[in-house]
């Protein structure tokens, strides 16, 4: 079977090239079926190859996934996504079709068919550590989004109502955005350590110069620029005629905000929040350098010990979490758009 694998992959690539030259919906459906089928077969084949090698050599043998497989999986996903985009106009159904691609691979994963892959063996050896890293990464994510929303939305509303003050606020936020994350984490260590030394009670609350506190402060600061810009842009897109009509109907300023401005500005605000959420998932990896934990701790432990499987055990879930977060926001926006069109 494995001797014929390169030939089958070459045949699949040739079929893709032929389908790309064939215009029409039939070609797109065939492209989608080919890409999804090959995606599933590659997953299943990797698991079968790992199982075969483990039984033929030693149960302790590890089978790592090569770069070629990662590239083929990425190619299948890109081809599927492009075909779905061309076939389906509804954003909700696009989301559904993109999500269903993962049903069988996830079934293979949870059924144990892939357990002999080195990445899954590394997970089995470090399951408790992985679970702690996942909890820490989610803590960083929500610990960043909630304060960023509580600060960014009022600040954006204030900037919208005082256009002359926007320049100074955005200048400060732009400067913060240009500071490298590692540098900002480092800049916060000394002030926080000095603050805890002056007020020891803060240490009992978990505040310290390293760890979660400086990571959350830095990530919240990075999140403010896109959030504030999203609020200002969202509120600014509401036509003045709409607000004048609302006031003429007797609506108060508060009613105008909650019933008109906020619903109209919500899509732009969600797009900004989507960027912030995905950005935070990625930057939380760097926060492990100052002891914040998360998947970054696994990545840097793997780098220091030259253990590729341990690096992937941190990298792959980080990418998966970012994709899931982005997909959830995409679904939310699609449902809002569908509701607005009904």
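Using the three backbone atoms N, Cα and C, a Cβ is placed for every residue, glycine included.
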Annotated range (TrEMBL: transmembrane segment) out of 134-157, 230-253: 134-157
Two-stretch contact, the transmembrane segment (134-157) and the transmembrane segment (199-225), at least three Cβ pairs under 8 Å: yes
Feature contact check the transmembrane segment (95-114) with the transmembrane segment (29-49), CB under 8 Å, 3 or more pairs: yes
Segment-segment contact (the transmembrane segment (310-336); the transmembrane segment (95-114)) at 3 or more Cβ pairs under 8 Å: yes
Annotated stretches the transmembrane segment (95-114) and the transmembrane segment (69-88) touching (3 or more Cβ pairs under 8 Å): yes
